[in-house]
4 protein chains.
Amino acid sequence: MRKLEYPIIILNFKNYSEGTGEKALKLAKIAEEVSKNKNVNIAICPQTVDIRMISQNVDLPVLAQHVDSNNPGSHTGNNLIDAIIEAGAVGTLVNHSEHQLKISEIEAIIEKSKEKGFLTCVCANNIKTSISLAALDPTCCAMEPPELIGGDVSVTTKPDLVRKTVESIKNINPNVIPLVGAGVKTREDIEKAIKLGAKGVLLASGFVKAKNPKQALEEMAEGILS
Amino acid sequence: MRKLEYPIIILNFKNYSEGTGEKALKLAKIAEEVSKNKNVNIAICPQTVDIRMISQNVDLPVLAQHVDSNNPGSHTGNNLIDAIIEAGAVGTLVNHSEHQLKISEIEAIIEKSKEKGFLTCVCANNIKTSISLAALDPTCCAMEPPELIGGDVSVTTKPDLVRKTVESIKNINPNVIPLVGAGVKTREDIEKAIKLGAKGVLLASGFVKAKNPKQALEEMAEGILS
Amino acid sequence: MRKLEYPIIILNFKNYSEGTGEKALKLAKIAEEVSKNKNVNIAICPQTVDIRMISQNVDLPVLAQHVDSNNPGSHTGNNLIDAIIEAGAVGTLVNHSEHQLKISEIEAIIEKSKEKGFLTCVCANNIKTSISLAALDPTCCAMEPPELIGGDVSVTTKPDLVRKTVESIKNINPNVIPLVGAGVKTREDIEKAIKLGAKGVLLASGFVKAKNPKQALEEMAEGILS
Amino acid sequence: MRKLEYPIIILNFKNYSEGTGEKALKLAKIAEEVSKNKNVNIAICPQTVDIRMISQNVDLPVLAQHVDSNNPGSHTGNNLIDAIIEAGAVGTLVNHSEHQLKISEIEAIIEKSKEKGFLTCVCANNIKTSISLAALDPTCCAMEPPELIGGDVSVTTKPDLVRKTVESIKNINPNVIPLVGAGVKTREDIEKAIKLGAKGVLLASGFVKAKNPKQALEEMAEGILS
């Protein structure tokens, strides 16, 4: 299965109407173009129902926004990992601030995913939780302060928070890739995140809801290169 | 948007590996063939990630196994109704025994769905809950005793329960289509359900995990015709 | 077991610090005094941990803020109905907007409570949900628009909403006592609620966080008498 | 506030009818007597509604079975930490297998509790989760394999699991007291747990549902002494 490379920009399409269906495909193609032109690693997190369409039509790694840990069987409405893999995703967000999970479920998702070579990007709301989740050995751990998600203040306005998160994750488990997110919207935000030690960013509205998503992403891509 | 016609067999593919990805598509095509040959109404509930593939390749109405009530926006990992519609589904199961919801969420899903012409098949665990949910004016209300789901004892072994459920739903809201499910696996089970007043059945393992799904479905289709 | 009488003021102490422990007991004694002096029906909903202390020391009916439907057994951290009854409560709120439940759980709580003569005051967020929940045959159904809860705008500023809720509950199940709540803080609010057909109100901050709770409750008590 | 001392036997009364109300008080007095006579550390986890009665009448540390992390305010049906403290509890179980929580909630409960000198005994379902939760710096971490809870096979029949859990907790955070539980019912079970490095056990049915609880607890107390 395809792997992620770092530093990376992970684009969460959320439930934004601009990131749904045909519009999601169009945005994903823009991201693909920017990734190639700028030689920057980008991954896409579309809605579950759009995963197959995007992974079949866009040459970028695709992550699910959420999966469930259950095995195949008598479960209705769950996102079975095997089904998500067959549809073309290489990994998944886990415990996003907008889809929080019980600790035993997070642990089970990480274990099941590992067996299948499926990547896990767990999300944490603060330093303590980042440490706790990094101990579970996910692929990445993305720290996003909930109060900044979807807003105009970037997590990088708190450099100590970013630096300490990165260090804490490394201390507890050097295998885990530290990422940050929340309010990330500009070249400077990303540049700062990388300088503070993050190996990438999660971003959503800064791309999906930008007036000119291509231009916005090109500028942010330069932040990761500089 | 396409409507459902009754009496109907609703095939829930659940998270069964036999109902995932390419295998799901193959099963859906078998269902399409049986539906045409036998002139019987059949709908398919695949996993969310498989909805688009199946609705694009199979000429049967497709239902989601679960949706969320939220509007487009900053929500991660939810099944946005608009996205599910764009992918080709005409409706959804709501509150399946394996994916139970808060009452305010059920009400909101039904209201949002109605505005969009999207069908709702709410599931209830007993007569009382059927009445309560039928009062919310969904398209269908499917009563499934949880203790029989996935087992070998059909709900129709309790004829009084089926009859009383059908009557109770009609009394509270004659617009709601009464369905039953749980343990339904044979021609006789379906025949009995229809005779007791149900306008169709929900079934899962009786088709998806049958040794010969085509033959099993053909036999059950005859139950609905007789 | 003691019953409720109507019209009634139900005082929800929530998790307010003014409604916790010794302070809760003091507030409950004030309510008892107002109830006796004004000859008005009042019930108290303290936190679970304070139920026994208040029911042993105050001569007013006590309701729990929440219970679980499970039978005695291997469950940790749940509010067992039997334990709540033994501690002196005569009933419980169910599905408060701040503690929403699955429909099957609501139905089970109502059934279990009925067997034990324990009263259920289910809470609903709008007219539709009120109808749905009244169909489950609880003792009372209290409609509280979530956006008004804890605020300064009373539900009674929407007279059509209150009137239609009361009528809808009566139509579906005339045994259910219709109540309203959210933002109720003055004599006029309560007077209006009663005139519109409600048999009482749920109120919290209007009493618990009032500068002078005794005076506030006395004034509101007059609203119910007039 | 009173502290726990180790090695310790923590008695979870769950929702057992034998551990409810007056019966709970009687059992707690038996535990008090055994604790004094045998000079063994014992703590009691009664139901929330029984906390005040037991902490006022029994000279043993009392833990809640569950608390919520919210501050005082507009929350209904939650177990406010301040209220639980005022009622006499010195700490709480967190994330018991029968009451599992989101990771951000666990982290918040631990932080809030620490500020108030309130003890936290987090429960984990396996070694990985124990490590993850110990990283959050609770007072104790109790590992209980869910499949053994309430059964007749003790966790100590898996000595490697117990030993590795204890070591893993120590490695990640030497401040955390390692406990184990599930199926613990005999003197030998406890003796083994202590020898394998645990500083105590969680037990429920082995005491609460014993034919002769006093005798059962006396025998288990000897296991901790030996």
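Glycine is treated like the rest: Cβ placed from N, Cα and C.
Please treat TrEMBL annotations as automatic predictions, because they have not gone through curation.
Listed by TrEMBL as binding substrate are D:ASN12, D:PHE13, D:LYS14, D:GLY183, D:ALA204, D:SER205; the candidate from D:ILE42, D:ILE51, D:ILE149, D:ILE224 that the record includes in that site is D:ILE149. DSSP assigns D:ASN12 (substrate binding site) to a strand in the three-state reduction. Residue pair D:GLU144 (active site, proton acceptor) / D:PHE13 (substrate binding site) shows a Cα separation of 16 Å. Listed in sequence order, the residues of the same chain lying 6 or more apart from D:PHE13 (substrate binding site) and placing their CB within less than 8 Å of its CB are D:GLY19, D:THR20, D:ALA24, D:LEU27, D:ILE44, D:CYS45, D:PRO46, D:GLN47, D:ASP50, D:GLN65, D:ALA204, D:VAL208. The binding-site residues in question are D:ASN12, D:SER205, and the one with the fewest Cβ neighbours inside 10 Å is D:SER205. In the three-state DSSP reading, D:GLY183 (substrate binding site) counts as coil. Ranking the recorded positions D:LYS14, D:HIS96 by the number of CB atoms within 10 A of their own CB puts D:LYS14 at the top. In this structure, the CA atom of D:ASN12 (substrate binding site) is 10 Å away from the CA atom of D:HIS96 (active site, electrophile).
Fewest Cβ neighbours within 10 Å among the binding-site residues D:ILE149, D:ALA204: that distinction goes to D:ILE149.
Residues from the set of recorded positions D:ASN12, D:PHE13, D:LYS14, D:HIS96, D:GLU144, D:ILE149 situated with their C-beta under 8 Å of a chain B C-beta: none.
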